[in-house]
Amino acid sequence: MFFNSLAFAIFLPIVFFLYWFVFNKTKSSQNALLIVASYYFYSCWDWRFLFLLVFSTFLDYYTGIRIEKSTNDKGRKFWFWLSIIINLGFLGIFKYYNFFSTSFAQMLTTVGFKASPILLDVVLPVGISFYTFHGLSYVIDIYFKRIKAEYNFVDYSLFVSYFPLLVAGPIERATHLLPEVKVKRTFDFNQAKEGVCQIIWGLVKKVVIADTCATYANAIFDNYSSMNSLSLILGGIYFAFQIYGDFSGYSDMALGMSKLFGLELLRNFNYPYFSRDIAEFWRRWHISLSSWFRDYLYIPLGGSKGSKAMQVRNVFIIFVVSGFWHGANWTYLAWGFLNAVYFLPLLLLNRNRSNIDEIKLNWNWDSVRTISSIVMTFCLSTIAWVFFRAKTITDACTYLKRIVVNREFTSQYLVNERYNYEILLMIGLFVLVEWNNRTRVEPISGKYNTVKLALAITAIIAFGTYSDYKEFIYFQF
Amino acid sequence: MKKFLLFTLKTLIFTIVIAVALDFIYTAIYLQSSNRGKVDHVYNSKKENFDVVILGSSRANNHFVAQMFEDKGLKTFNYGMSGGHLFEADLLLKLMLERHYKIKNVILEADLNLSNKRRDYGISSKFLPYLHQSETVKKHFSNEDDFLEMYYIPFYRYIKFDERIGFREFYNTTLKKSTNVLNHQGYYPLINRKGNMKNNIVNLKPLLHNQYYEEIKQICKDNNINFIAVMTPMCENTKGIEYFNKVQKLYPEIHNYENVVVEDKYFSSCGHLNDTGARLFTARILKDFFSK
């Protein structure tokens, strides 16, 4: 059941109605309804993995309490590590086992041994990377005494399984979401209206921008060996907007529908393609994951303290692990590594926090420099996206090499019977809308709300891509 | 909450009004079009006289050189549509007759397409703009699973088949951009080799009574049109080539021309002749059926 499916369009109003009209008496009844709805939502993907979700929830709930109740350090450590090992164990088995097994066999073959990998015939449970990280952050926070353990199982389950964020985030923190689910929600018209606007804007991003760009990006990436330089450059740009529209569109829908239930989730995207350097890009892209790695990996490793060598090591670790989090493939590792390389000069020159102020443009040279920095950062991230999108590292390198050596910058007719440049105007318009609303969560609310709402609905109906349906990219992670 | 429900209602009404308006605009534009494809060409045409009309899939579209018929003094048009099934061929013929076309001969490519009676989603969508305007189109689609939503939900058909009749096609139609589909009297010559010279049709089984084939045959009979059904060539390296014998057994009236052109040099892909092959094949058809 996708957010942009007919089934979900029926599911959401039913849950909304029951939530505010039938189960609105207490916060327990509200939470209980959301839990049932979330488990139903998850079982629509594959009911068998519901047991894994419930087990994971119970494990972290129980170990959290045991950590808090342990009177000695040994007990605390035992329950802490038990939770970490089991959580990461599940993730390892379902997501990474086959990758390691294949890579190990390939390595043995390279050094002269004949080895065939033993592979597991398992499907990756949808959302496992997201709900595992929810649980991990909760247990780690209790262990380091940042939060108290949650004793109400329903409240805790809702924190882990809440359906808008269950399958593709944002990755919530117990410190943020748990206090919200512990109080009865009352209906707020403005919040709900903003929610509807954010859902609609998320839909624009998904069906108009992401899915349309995907049609072109796929035609170019899947046939890159016959594409000219211009098509390859455009292919990179289209994929950059595909993945942005897809994932930030999903996040907008998740945040929007949460507002309908009176809950505010963490913001996950803040116009990342207007970043002036890679450090700023990572403060604006998939914010919940970046901050998760910052708080639970980078800082415990020493963060930006210690020698420069240590700092460089930490940066590479966090980016490579972040890449690996996305999927068990060398291309994701390369993508993470490349971003670390981009980050390195900023770190060495102590300029990784130089662009934290709001972007303002005037008619002066500073603004020209700002625009150049934004364009440069976009180019760098697009090059990295080529690794993210390509099937193998060799494919990505050949793709990039061909941009340089082909040197043909003409229009090209693609296998999807469209010209390579056709959607540039649409992307340009989208960038313009985002730029003019970069200080706001979404562009529909506020002044001229009715007109903007009508335009957004028209865009979804008339310009959306529906027949060539594409799943949300981040569901596979 | 009341305020929010009103807001939601307003949004829903907006959506419906926009969908109705878009449906009206798109349909109005498509009703003016006659140079984008064979369907709109027929739909927006007036009475025509043809000695020969060719129907079928790409194996008709790429195999019958209409000009060779014309050279013999036979007014001909190749209405074969790449990807089309018999569902679409049948409907196209019905539309021609609705427009009082006078047709002496119909050549129907009937071979691989006898194995199913489904519509081709891509090609059949080209008829959908006329769903509310043409009783023939409406009736033809009325037994389809998605008929009700396509007919009653405004703009739904343009969303569902956006690749074929969505914004891009609407835009090109508005600009009256023509395509090459109607060139060469509808025949589309294949020049370069595009595919593998092998095919596997082992799993294909011809249906005993293909509803649309039977309908085409009956329409021709009712309108005194000479009906010529033919099987067209496949490359030699086809697994399950006995399919054509099964067709012959089930439909003895279909002429088997599967093996009249065999050498790979005459094929663009295993199921499609190149231009040279198509000329050889057409010459044989002309000799056998139109030599007098």
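Placed from the backbone N, Cα and C atoms, the Cβ positions cover glycine too.
Because TrEMBL annotations are produced automatically, they should be read as predictions rather than curated entries.
With a cut-off of 8 Å between Cβ atoms, the residues of this chain six or more beyond the transmembrane segment (A:6-23) that come close are 29-30, 32-34, 37, 40-41, 44, 187, 257, 260-261. Taken from TrEMBL, the feature transmembrane segment covers A:6-23 (among others).
Annotation comment: TrEMBL describes A:32-58 (among others) as transmembrane segment.
If you look up TrEMBL, you'll see A:78-97 (among others) marked as transmembrane segment.
Here TrEMBL flags A:118-144 (among others) as transmembrane segment.
Sequence-distant contacts of the transmembrane segment (A:310-326), counting only residues of its own chain at least 6 positions beyond either end whose CB sits under 8 Å from a CB of the stretch, comprise 96, 129, 289-290, 293-294, 297-298, 301-304, 332-337, 339-340, 343-344, 347-348, 388, 477. According to TrEMBL, the transmembrane segment annotation covers A:310-326 (among others).
Per TrEMBL, transmembrane segment is recorded for A:370-388 (among others). Only residues 6 or more beyond the boundaries of the transmembrane segment (A:370-388), in the same chain, are considered here, and those with a CB under 8 A from a CB of the stretch are 236-237, 239-240, 243, 272-278, 280-281, 326, 331-332, 334-335, 338-339, 342, 355, 359, 361, 396, 399-400.
The transmembrane segment annotation in TrEMBL covers A:449-467 (among others).
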Under an 8 Å Cβ to Cβ limit, what residues of the same chain, 6 or more beyond the ends of the transmembrane segment (A:449-467), are close to it?
197, 200-201, 203-204, 207-208, 211-212, 214-215, 426, 443
